Amino acid sequence: MIGVGLVELAVLLALVVGAAVVLSLVLRTGGRRVPPTRESRWVAATRLAGLVVGLVAAGQVWQRGSYGTGPMLAPAVLGLCVLVAVALGETVVRPRRGAGSRSASLRPRRVRDYAPRPLAWAVATQVVVAAVVLALTTLTASRDAYTDSMRALACTTAQGGSSRTPYPGSYYSGPLAVALVLVLLVAALAARQVVLRPRGLGATDADDALRRRSLTVVLAATGLATSAPYVGIGLTAGLALQQLGADGVDCAAAWTGPVGLVITLSLVPAAALLLVCTALLLAGRPRTPAPAYPPVPAQR
């Protein structure tokens, strides 16, 4: 992304996708697959269509924009398309239940009952970290003399000055913040639709598995849309903060080096989250948890 060459990005993308494919194959081995129905096939097809449209739209956004804004916003566009597809799959594709008596559970359905908690906490943490880093870089950015935009980090003394660019100031953080807020709003809408839709006509455990799978996709798309841009933002900000004043003019504040190191180290969990979210998006049909013990044979 910003501050990173296209060759490095292509290699990183290939590694992430390759590792995600392997991880998704591992995820397919746990539990029992939910038997497919006409409705679940349509929902899966809608989700797949959202992924394909998202990839095409992200590719178009990648090629547009100046000074790295396109690659920065492309993952958010991909995640947004997947989230819209999930919301459509839970509202438009799933048919309304016919009139008549139906059984219903007295326990209210809540998002936290179906969302995988480790993934939810990881995505929420990544959102908070991204917001803090974007706020920091926006407040500390300087105007780049070459582009006349807030995409540089600079300091000056009586002996001279030092500058590092690109740096994720408002030139980058503004569009990315708008995109991420939109992603979070659509994710909240999609999660709400997953929980509130009427229960299906099949078995309860299969219906619960479908809800868990849908909420997993919502979290995975949100995590991808957040962690992928953060890898570029964090790498650029971390290096700029650590290298400020390294060209012979010691004008950098004492906090820039340690903060830059912390931001750089935060790329490790962000990359891990990106890998997991990509694998979850590539995983197959929903599964019900495998029983802890094999069923007891029926007595004759």
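In case you wondered, yes, glycine gets a Cβ from its N, Cα and C as well.
Quick look at what TrEMBL annotates:
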TRANSMEM  6-30  transmembrane segment
TRANSMEM  42-62  transmembrane segment
TRANSMEM  74-93  transmembrane segment
TRANSMEM  119-141  transmembrane segment
TRANSMEM  171-191  transmembrane segment
TRANSMEM  217-241  transmembrane segment
TRANSMEM  261-283  transmembrane segment
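Long-range contacts of the transmembrane segment (171-191) within its own chain (CB-CB distance under 8 A, at least 6 residues past either end) are made by residues 2, 67-69, 72-73, 76-77, 79-80, 83-84, 86-87, 90, 111, 115, 127, 130, 134-135, 137-138, 141, 144, 147, 149-151, 214-215, 218-219, 221-222, 225-226, 229, 233.
For the transmembrane segment (74-93), the list of distant contacts is 39, 42-43, 46-47, 49-51, 53-55, 57-59, 61-62, 176, 179-180, 182-183, 186-187, 189-190, 193-194, 197, 214, 217-218, 221-222, 224-226, 228-229, 281: same-chain residues at least six beyond its ends, Cβ to Cβ under 8 Å.
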